[in-house]
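**Student:** Quick one: the structure is below, and I'll ask about it shortly.
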Amino acid sequence: MTNKAYKFRLYPTQEQAQLLAKTFGCVRFVYNKILEERIQIYEKFKDDKEALKQHKFPTPAKYKRDFPWLKEVDSLALANAQLNLQKAFTNFFSGRAGFPKFKSRKAKQSYTTNVVNGNIKLADGYIQLPKLKWVKLKQHRQIPVHHIIKACTITKTKTGKYFISILTEYEHQQVPKEIENVVGLDFSMNTLYVDSEGKRANYPRFYRQALEKLARAQRVLSRRRKGSNRWHKQRLKVAKLHEKIANQRQDFLHKASRQLANRYDAVVIEDLNMKGMSQALHFGQSVHDNGWGLFTTFLQYKLAEQGKKLIKIDKWFPSSKMCSCCGRVKASLSLTERQFRCECGFVADRDINAAINIKKEGLKKLGTA
Ligand SMILES: [Zn+2]
């Protein structure tokens, strides 16, 4: 079984929006209540792990007696709050995460509900959800009929928009595609990548303009008095721009990865450690903005869907310093040298030379070179 999630914009009525706000609040309330109890139990038994494990998590039903208004919202959303906290504790005990924290009002507004006895259905631009009945949504793509809906997560953004992420499950047996067309990509700070055929994936102009606009808006915000009306207004403006930019970036990354996945049978990339790289090069923000990580994630599943391959080669492979024509490796190559010139007479754009080397190394790994 394979999972795939579909995200759509939701348009609740005013009444539904009120119930959603109530549900977000109840989920947070139940989460914090259970956490409160668990902290007491933890304090009491922290030296006795077995005793700690035997103490079962309280269920939301327990609170419904004292707080009857909890019955007004989707009970599966509350059950998931408990499961999430349980998971947070499991992660804490295994050392993967810190001690669970209380959820504040400022935390992300969202909840997850599950499909039980066909309680969630999609039809004609609407989705049926527990307690909410039919909520309007903009379904810009179809969910294939063989996909079974398992769960839905409803989120409200800081700018007041609603989204639903529909998690589906389906039977999937992918036959590996015979590899004929291969391309190498060299990561590029400015354009995302340069490929072994010399093409650059350029971020669209409107995206760059939006980034400049955001920088200006942030400067204005920093000058306003924190907490003032004008500050709140500007903060919303910044949040809206952030949202717009994140969407534009995601759109671009989806399109770029879709084109590659459709055109090639295998794509070769360097296995870059972005975190280490941004620290080492002090590029911090721009590496992060570049969305390379997101891009490779999209590329990976878009290729896999078609039985194609994403090949990662060692990040220590000297892709930039090697001549893609004769194989000589230069002792040094400064970042300012945009042209690669080799003793053998080969001259090429530095990034294209690197992309060709990456492709060749990938072919070696595939055993088809
Ligand atoms: Zn050479």
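Glycine is no exception: its Cβ is also placed from the backbone N, Cα and C atoms.
The domain 'Transposase putative helix-turn-helix' feature in TrEMBL is assigned to 1-45. According to TrEMBL, the domain 'Probable transposase IS891/IS1136/IS1341' annotation covers 165-279. What TrEMBL lists as domain 'Cas12f1-like TNB' is 292-358.
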**Student:** With DSSP as the yardstick, break the domain 'Cas12f1-like TNB' (292-358) down into helix, strand and coil residue counts.
**Tutor:** 22 helix, 13 strand, 32 coil
**Student:** At a C-beta cut-off of under 8 Å, are there same-chain residues at least 6 beyond the domain 'Transposase putative helix-turn-helix' (1-45) that contact it? List them, or none.
**Tutor:** 51-52, 55, 57-58, 60, 63, 67, 69-70, 72-74, 77-78, 80-82, 84-85, 89, 100, 102-103, 105, 107, 109-111, 127, 131-133, 135-141, 143, 147, 150, 154, 156, 161-172
**Student:** Return the average pLDDT for the domain 'Cas12f1-like TNB' (292-358) as a whole number.
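**Tutor:** Mean pLDDT, the domain 'Cas12f1-like TNB' (292-358): 92.
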**Student:** What counts of helix, strand and coil residues does DSSP assign across the domain 'Transposase putative helix-turn-helix' (1-45)?
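**Tutor:** Its residues divide into 32 helix, 10 strand, 3 coil.
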